[in-house]
Amino acid sequence: MVVGGEGCCPTMDLLRSEPMQLVQLIIPMESAHRTISYLGDLGLFQFKDLNVEKSPFQRTYATQIKRCGEMARKLRFLKEQMTKAGFTPSTRTTMGSNINLDELEVKLGELEAELAEMNTNTEKLQRSYNELLEYKLVLQKAGEFFHSAQNSATAQHKELEEHAHGERSIDSPLLLEQEAFADPSKQVKLGFVSGLVAREKSMAFERFLFRATRGNVFLKQVVVENPVIDPVSGTEVEKNVFVIFYSGERAKNKILKICDAFGANRYPFTDDIGKQYEMITEVSGKLSELKTTVDVGQLHRANLLQTIGYEFDQWNLLVKKEKFIYHTLNMLSIDVTKKCLVGEGWCPVYASSQIQNQLHRATLDSNSQVGAIFQVLHTTELPPTYFRTNKFTSAFQEIVDAYGVAKYQEVNPGVFTIVTFPFLFAVMFGDWGHGICLLLATLYFILREKKLSSQKLGDIMEMTFGGRYVIMMMALFSIYTGFIYNEFFSVPFEIFGRSAYGCRDLSCRDATTIGLIKVRDAYPFGVDPKWHGTRSELPFLNSLKMKMSILLGVAQMNLGIILSYFNGKFFKNDVNVWHQFVPQMIFLNSLFGYLSLLIIVKWCTGSQADLYHVMIYMFLSPTDDLGENQLFIGQKYLQLLLVSLALVAVPWMLFPKPFLLKKQHEERHRGQLYAMLDSTDDSFELETHNHSHGHEEFEFSEVFVHQLIHTIEFVLGAVSNTASYLRLWALSLAHSELSSVFYDKVLLLAMGFNNIIILVIGIVVFIFATVGVLLVMETLSAFLHALRLHWVEFQNKFYEGDGYKFSPFSFGLISEDED
């Protein structure tokens, strides 16, 4: 591990995690808050909780956290008010507005009280305004009804008088005359109730009135054209104005109860036309005054919320930081003198000087008489894993971490994943036309990453944006493998020169099955374009891609086993080197390393040997002559040697390791290995890693069973994992055939009709099929298969992945949604 100079960051090294150290901080009480704040700005110290046994309410700074929680509630209230009013917190901050927590607490309390009072007043004024609006509607609609009724009554009265002065007819109703000339004081006076009821309830309202009063009411309803805002609910409702005439106090009581039950708003009304006009004038004046008052209140509220919006983000960040600081202070223990706080935590070795600088700065800024103490502790605890990544490597590291976080300083597969992951994806997705489409899509995200990183994207878009550099590498490798396969949307091109094949004569110009002969040197790069469309294209590409998949798989599995050697050497674990790495290399390469050699020899010599037959009878009849399947001299004896080595490798993996581990355990208890503890920190960490369970009872049976399972898993896995790499061949073939079908059966078929409409439809279908199936579904499919090959086939050869991430105390990790 290369570590940079004192006080400066090292060159990024992804192969092994950063060296970590356990540190104790002793911080005076007067500078504790500022110290934690500065460490949060630095973001390179992970605190350990030294008060695990205490509940959150028993901790020292529980009151301050409760106070911050209350301020956060007030900020949420302010944000809700801004959202309702259509404001968003502005990124613009008021210059020189450095506010401390005490001032902010007072200010937030005043703002909350002021807004709450404004809301109450506005609500009351708005309700009064809506009630007056409804009252005005009642006065207008009911006034029209009374006016028309009075005109009708006057006309009827005149008609009766004319009848009285004229000749009486035998048909004239006597009762009508008697009624007309009766004494007014003896006539029955009807009462009435007026108001508004929701239109959807009006039919039920009418039926209920009729049944409750047994038909002894007269109801008149008038539809209000536009919806009105209900004073109670504050929502727009379609309503009818009603007037109910009744006789008697009992009927009146029933009517009032029914109105209340149906939520009908009642308003006083007079049948005196003069008073009606006076009331309408009075209500209109009040409405005008209320409207002015409400508008002034709303403007004042909007100005206040806009002012809050300018500083909201700053206030919100301050409260979250303070809450974060007090949560961290609660993880520290108080010294017996109660004059200082003691904290423990992990930090990278290279960050020691930076942390000490921040401690010194906090001491000066808080005018403390005593400085904080930085002390490195020796421990047997496994440190956290910390890789320094950037925006390019972070996505690849996340792919590895999704499987499991690397154990402290074991080999990190993320380094190799940067190349192998997009390459294996491209083997399954080889088409340089599709690769260019993927590249253009991801370049959009890369070129606009500053703008997009500050926006809220959907779940799928967020994942795509986060993996933009992974997709870019996948696209570049797909273009490369597309050139090798010579496929551009399944169409071959003579990019790197002319085809090596030609016709015997001009008459076979269009021949695709016979008549082609080799007329010049082999096509310089990739598959010869003449293979496309021939009868032997599929068998040829099948054979090529299948053998290529095995070669790539064996190479990657060998890489995984070699990395286990580097792990063993780094941790000085000779047992794993000699009794795990060596037999595994022998077993894998005796079988599938030999198969890879046969594939290369067959390609180079052009032999017709059947490799299936060779591999099967290598075990079934190892002494038989190979005959026509012999590829080179001495092959039979080499196979006998390889079979013998493979058979020896299995017990070599199984038996020695458990006995050696038992021997080491016994020697350690006799004190023969304790000398390692007196050397450097590295050897101390090594002792921790190798012998963390040294003082426990050694269960030989458990260790042996574990080794037996591991051996069986490797032996069977060597076969199944090699077969698993054939997915590279299968998906590559499926991608190529789907692309060919879309091109031949959609695009070329549409071109053959010589019809512009059919051609446009064909092009649209081809584009949608290519994007939907090949660029979305096939991309996802190839991505998942490449992920499986890395997690299962590659990483299980060396990667334990049972570590835990370094999670430093950092203000940069404060999320927007944190309460």
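The backbone N, Cα and C atoms fix where each Cβ goes, and this holds for glycine too.
Keep in mind that this is a model prediction, so the values were computed, not measured.
Annotated features in TrEMBL:
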type     : residues : note
COILED   : 101-128  : coiled coil
TRANSMEM : 423-447  : transmembrane segment
TRANSMEM : 468-485  : transmembrane segment
TRANSMEM : 548-566  : transmembrane segment
TRANSMEM : 586-603  : transmembrane segment
TRANSMEM : 637-655  : transmembrane segment
TRANSMEM : 746-777  : transmembrane segment
Item to complete: Would you kindly list the residues that approach the transmembrane segment (468-485) from elsewhere in its chain, counting only those six or more residues past its ends and only Cβ-Cβ distances under 8 Å?
Response: 391-392, 395-396, 399, 418, 421-423, 425-427, 429-436, 438-439, 441-443, 445-446, 449, 495-496, 525-527, 732, 736, 779, 783
Worksheet entry | the transmembrane segment (548-566) versus listed stretches 423-447, 586-603, 637-655, 746-777: most Cβ pairs under 8 Å | 586-603
Worksheet item: Near the coiled coil (101-128), which same-chain residues lie under 8 Å Cβ to Cβ, leaving out any that are not at least 6 residues past its ends?
Response: 67, 71, 74-75, 77-78, 81, 231-232, 234, 290, 293-294, 297-298, 300-301, 304, 308, 315, 318-319, 322
Discussion item. Using a cut-off of under 8 Å between C-beta atoms, tell me which stretch among 423-447, 637-655, 746-777 contacts the transmembrane segment (586-603) the most.
Written reply: 637-655
Worksheet item: Hey, which bits of the same chain come close to the transmembrane segment (746-777), Cβ under 8 Å, at least six residues off its ends?
Response: 431, 434, 437-438, 489, 735, 738-739
Worksheet entry | Segment-level pLDDT (mean, integer) for the coiled coil (101-128) | 92
